[in-house]
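Here is what TrEMBL says about this protein:
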{"type": "DOMAIN", "residues": "52-240", "note": "domain 'Dihydroorotase catalytic'"}
{"type": "BINDING", "residues": "HIS63, HIS65, ASP155, ASP308", "note": "Zn(2+) 1 binding site"}
{"type": "BINDING", "residues": "HIS65, LEU66, ARG67, ASN97, ASN281, HIS312, PHE326, GLY327", "note": "substrate binding site"}
{"type": "BINDING", "residues": "ASP155, HIS182, HIS235", "note": "Zn(2+) 2 binding site"}
{"type": "ACT_SITE", "residues": "ASP308", "note": "active site"}
Amino acid sequence: MSLWIVNGIVWNEVSGEAERKHIRIENGLIAELADGDSNPDTAGSEIIDAGGKLVAPGLIDMHVHLRDPGFEYKEDIASGTRSAAKGGFTTIACMPNTRPVTDNPDTVKYILDKAKTEGIVKVLPYAAITKNELGRELTDFAALKEAGAIGFTDDGVGVQNAQMMKNAMALAQSLGMPVIAHCEDDSLVEGAAVTEGKFAETHGLKGIPNESEAIHVGRDVLLAEATGVHYHVCHVSTEQSVRLIRLAKSIGVNVTAEVCPHHLVLSDEDIPGMDANWKMNPPLRTPRDVQAVIEGLEDGTIDIIVTDHAPHSTEEKARGMQLAPFGIVGFETAFPLLYTKFVRTGKWTLGFLLKRMTEDPARVFGLKEGSLAAGAPADITIINLEVEREVDPAAFASKGTNTPFGGWKLYGWPAATLVDGSVVWSE
Ligand SMILES: NC(=O)N[C@@H](CC(=O)O)C(=O)O
Ligand SMILES: [Zn+2]
Ligand SMILES: [Zn+2]
């Protein structure tokens with residue numbers, strides 16, 4: 001049976017304007033975008049009336065933590081994909097810092113199987129670069145690719161040894177797979193919880209310096225140049241990293257990069273006190289860094305936006321700034337935050353924001369999703385741009401409530417999410 005989404009507002013990249021359209025879906029694929037003034041023949045079809053809401057390609061998040069297997073008290077594939085769908089995401093790529101670490105084909109298969117039975121959005125697993133993410137021994141890249149892994153990363157920790165990273169890149173390159181890097185030199189961090197900057201100074205804390213991230217970016221773009229691999233930088237947070245990626249791109253290195261909403265809207269000077277809901281890795285940086293990552297995203301140095309959704313339990317986060325684990329949840333605030341802070345204020349067009357969360361991640365990782373073109377999978381998010389609501393962590397679909405954005409008043413709330421033409425979530 002066909003499905004019509006009528007009276008939706010669709011962003012037209014060519015004209016740079018929003019237009020009213022009716023969308024026909026057949027067999028889980030986009031079949032047709034009809035003019036909003038036309039009167040389509042919907043007889044015998046199912047109909048969703050978007051009622052003037054935005055109809056966007058389903059959002060794509062290439063950096064998330066589903067915590068399954070092993071840390072299901074923080075999140076699992078059922079709760080994590082529900083949280084994603086509620087945030088408007090239809091494809092998510094999950095990190096391998098699970099228990100066991102996703103460093104073996106069985107764990108990749110477990111994630112894919114469970115996503116099929118209990119997940120409600122598309123789940124793409126990454127596999128670890130090194131066994132147990134310990135940085136000592138490479139995993140079996142060929143077997144992990146065969147099992148369904150889409151790339152290799154030790155997210156959560158940096159690969160400390162340059163030769164290990166070079167070997168990983170050469171092997172990934174030979175298999176046509178990307179290497180995705182959490183950039184952090186352990187010797188420069190040593191137990192610090194927040195960035196070097198005003199907050200650390202005021203509270204007499206040791207800070208995490210910008211170089212701890214950028215030194216890996218610099219090393220790795222050289223190794224990417226030498227090996228030719230597609231090298232993707234995780235959660236860019238510093239001015240120095242942006243500068244290095246910009247230079248590497250200018251000389252043709254095959255490098256791409258991502259940034260998180262929190263690094264675009266918050267600096268260390270916004271941290272209200274010793275509250276671990278403001279603790280994540282990389283940490284909130286200085287206002288100067290925030291400006292640099294915004295500019296990097298705007299000029300294309302940074303390709304995509306990801307949430308780095310990193311749920312932890314209330315008990316873990318209650319251990320305080322110094323002892324609590326790093327990470328904040330992100331699915332259910334990402335779009336409203338960026339829409340409210342950058343689009344409603346006139347800094348970005350709606351098209352710019354949508355592209356960085358749909359078409360660009362699809363391009364960078366070679367996915368067929370991320371577009372409303374005829375023939376594309378009917379992964380769709382219907383978003384209410386006009387209603388203001390308060391962020392209520394207690395109402396999250398995620399098991400995690402660890403967010404610094406509780407109580408923020410935002411616009412741009414998803415109203416319904418479709419995957420392959422089926423409604424998987426609606427308010
Ligand atoms: N970002 C975080 O602060 N934490 C992530 C790890 C990571 O993304 O490096 C986690 O797994 O909790
Ligand atoms: Zn990371
Ligand atoms: Zn992460």
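The backbone N, Cα and C atoms fix where each Cβ goes, glycine too.
Whatever TrEMBL says is automated annotation, not expert-curated.
Mapped onto this structure are the features recorded in TrEMBL.
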residue : record                 : DSSP class
HIS63   : Zn(2+) 1 binding site  : strand
ASN97   : substrate binding site : coil
HIS182  : Zn(2+) 2 binding site  : coil
HIS235  : Zn(2+) 2 binding site  : coil
ASN281  : substrate binding site : coil
HIS312  : substrate binding site : coil
GLY327  : substrate binding site : coil
So HIS63 (Zn(2+) 1 binding site), by the Cβ count within 10 Å over all chains shown, scores 27
Same-chain residues at least 6 apart in sequence whose Cβ lies under 8 Å from ASN97 (substrate binding site): HIS65, ALA128, GLU133, ASP154, ASP155, GLY156, VAL157
Counting Cβ atoms within 10 Å of each Cβ, the densest environment among the binding-site residues LEU66, HIS182, HIS312 belongs to LEU66
Out of ASP155, ASP308, PHE326, which binding-site residues have CB atoms lying under 6 Å from ligand 3? ASP155, ASP308
Over the residue list HIS65, LEU66, ARG67, ASN97, ASN281, HIS312, PHE326, GLY327, recorded for substrate, what is the maximum interresidue Cα distance in Å? 17
Please report the distance from the Cα of HIS235 (Zn(2+) 2 binding site) to the Cα of ARG67 (substrate binding site), rounded to the nearest angstrom. 18
Please work out the number of neighbouring Cβ atoms within 10 Å of the Cβ of ASN281 (substrate binding site), leaving out its own Cβ. 21
Same-chain residues at least 6 apart in sequence whose Cβ lies under 8 Å from PHE326 (substrate binding site): ALA193, LYS279, MET280, ASN281, PRO283, ALA310
Measure from the Cβ of HIS65 (Zn(2+) 1 binding site) and count the other Cβ atoms within 10 Å, all protein chains considered. 26
Checking proximity to ligand 2 here: which binding-site residues out of HIS63, HIS312, PHE326 have their Cβ closer than 6 Å to it? none
